[in-house]
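See structure below.
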Amino acid sequence: MSVVRTKVLGLVDVIMRVPSLFIIDEILKMGIGEPIIQSVGQGPNSTAINLDPPVAAMLPEDDRGMQDSIEVYKFISFAVFKFLFCLFGAISAACVFMLWTRHLVIVYMYIVSVGLIFLSYWSNVSALSVISDSPSLLEDVLSLNMERLLDPGGVLISILPHLLAQWLMGVIFAYIHLGPRHKIIQKALPFSFLMPLLLAMLPLPSIVLKHSPAFAAILPLVLSKIALWSSSFDVVKTILSGYQHARNFASNFGIATLIENEWQRLNVPCVLRVFWTIRLLEHLISLLMSSEAPLRFAATVQSVLVSGCETLTAVLGMTSIISLICHYIGKMFQLFLLSEDYDEDKSIGTVSAILFYILALQTGLTSLSPDKRIIRLCRNMCLLVTALLHFLHNIVAPILMSLSAARNPSRKRHARALIVCAFLLIAPGTLLAVLWASHSPSTWLLAVTAFSVEVIVKVLVSLATYTLFLLDARRQTFWEKLDDYVYYIRAFGNSVEFCFGIFLFFNGAWILIFESEMIPIGGAIRALMMGIHAYFNIWCEARAGWVVFMKRRTAVHKISSLPEATTMQLHQFDDVCAICYQDMTSAKITRCNHYFHGVCLRKWLYVQDRCPLCHEIIMNQDGNAGDESIEEHPNNVENAIAANARNDRTGNETLNRQQAQAILNGSHQTDALNQPLFDDTFLEEQITNHNRASASRSIGGNTIDSQDDAQLEITRISSFRQPVSDGQMDSRENYWSVKKDHRTTPRPFTDPERTENWPGEEEYVQPTHFNASIACDIQTTCCTCDY
């Protein structure tokens, strides 16, 4: 029951807002009071106000000029007054339209109460005109003249409907008026409405009966005036509070959120649909009543559509209907495609409505004559149909990609998606064939052609990509060229769209320069839309495409510089690509000795230049990757120690973790090849020079001698030159003994992947992470890091 009540109240709220739109619509029909001056065949001294030629000719020249000036002043004054009155009416109607429901009810209560007063006056005057020429009703009642009382054409039968209407209007006024509600006044109001008819039954002079309706309306008018005066302060307060609410809401949530919130509160689409439907029914009824011959269907539809886009408010109403139709078309296609998660159909109606209204504004639809208006309306509909085809492609394209990528075995869904694609290929082709057969080439036809061909190209690109993914799903091996083929196809489609965007820009510029001189407002809107199109559809698309091209070009150059894995290396590796988890028939080897598919690594390089596994920089900044050999790693250590010296001189005892990891990965590879990584003599020289530069180092508040630091460095390096083995455990113990002597309290490493302890240490660090800790210690010689 509550749901029904909510719907009923919502319908009442919509209906109460419709009259405001009709008021604005009528004001727009009058051109907001703007005068229309027609000077056809008039002399240079003539004006828009045509004087009677004989009267003007009879006046002297001085009097004639003065009379013309007076007429011009009257005309201008009347035009200004009319314009201000219409503007005030439009603003008032818009304010009433935007009121809250409770305030809207109060406004309608006041309007209905005032309307009842005037309706009562008109009814009393009509009834008195019937009674004035008839015998006295009181005499017939006193004499019990039933023959005249019951006569169908008699006075009693004639005024009986007026009596009932006056009593009903009095009761309604007493219930809804906003004035003082004293008991005596409430009881007197129905009799006030009935007073003229009651007096007419008495044998009173005609002058009294003639003015009795005016006297009967005094009490209701006084109550209405009191209500208006007492509510005037509330009106100003309501307007100020509404402005303050909108200002605070916009400052907190933004203007866009405010507009969206008010749009939903006022239920604007439903109000516009009801308004446009009532307007069309009104026009259709007037056609049926004014036409004597039977109406033809085509002519009637054309007349109704022309009337339906006569003003800006009427165009808004038509826009709401078109939005509803497009929304259900998108919903129908979504249901046909068995898609439940895709939400593109929700925006089809909104975008279609905005597009149609912009087309109506920039083509000056409301200012055209009826015969030209229907032609322009049909052309705008053709453009809207092509835009709708684009929206439908936006629905089916992701579904095609998901079906091919997920290797969905449901043939029903594949068939439905392909049927929609076939429709999107046939519909624009049929539309172009019909239009080119019935119209000569024009800027409008070229625009429709560009949009239609663009739809066909986009559908073909989607189908080609879908086919490639299906073929890839049937292959048993990894298809490395798939990414290249998909890129080429999509690049072709994007290039075609970009070219059509440039073509449409020049087409619009031609229309703006050579075809929009008679529609200044439409030309301004077209120029604005051209600017938006040039920025978003041309500049932004070109910049994004160039960025993608340069990323791909750079990635291809980097990949080509990496060494290719031989068949023997792939056989020894005997693993899958760590990016796509597919078997490798070919691979690229990074400088950190990791194997990846070339195409997978290229996609990874679009994002970053580090190895997906160890996060080492894959190649140098100059792009010469793959040239470094294992023997170059000592140079990396030398660079690390030199960086350490620079850091010590500036007082900074931290190291970039990624650089340390890069060094240690190289150390691990060298250990795996059983080759010495460090040169003791070289390191002793470097550390001695370093110690001479810095006499002492402060570690956690304790000062350590530089020679002890040098000895500690040498001990650390020499203890980890070879891979870890049982025979080398003494080196580990030596390392930890030196470290324990160096620190008062041993601090274990906190790596999460440690599994067991070393002698003298609480936990064991796996080789890669342990090497990182060694690099950190080499750089800082302090034990304050987390490793």
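Note: Cβ is positioned from N, Cα and C throughout, glycine not excepted.
Note that TrEMBL annotation is computational and uncurated.
Keep in mind that this is a model prediction, so the values were computed, not measured.
TrEMBL annotations:
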TRANSMEM  75-100  transmembrane segment
TRANSMEM  107-132  transmembrane segment
TRANSMEM  152-176  transmembrane segment
TRANSMEM  188-208  transmembrane segment
TRANSMEM  312-330  transmembrane segment
TRANSMEM  350-369  transmembrane segment
TRANSMEM  381-403  transmembrane segment
TRANSMEM  415-437  transmembrane segment
TRANSMEM  444-471  transmembrane segment
TRANSMEM  491-513  transmembrane segment
DOMAIN    577-615  domain 'RING-type'
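Residue counts for the domain 'RING-type' (577-615) by DSSP state, with H, G and I taken as helix and E and B as strand, are 8 helix, 6 strand, 25 coil.
Same-chain residues lying 6 or more positions outside the transmembrane segment (152-176) and placing a CB less than 8 Å from one of its CB atoms are 109, 112-113, 116-117, 119-120, 123-124, 126-127, 130-131, 134-135, 137, 140, 186, 189-194, 197, 200, 220. Ranked by Cβ pairs under 8 Å to the transmembrane segment (381-403), the stretches 312-330, 415-437, 491-513 are led by 415-437. If you look at the transmembrane segment (312-330), the same-chain residues 6 or more away from its ends with a CB under 8 A from one of its CBs are 21, 24-25, 28, 268-269, 272-273, 275-277, 279, 344-346, 348-350, 352-353, 356-357, 360, 365-366, 384, 388, 391-392, 395.
For the domain 'RING-type' (577-615), the model's average pLDDT works out to 86.
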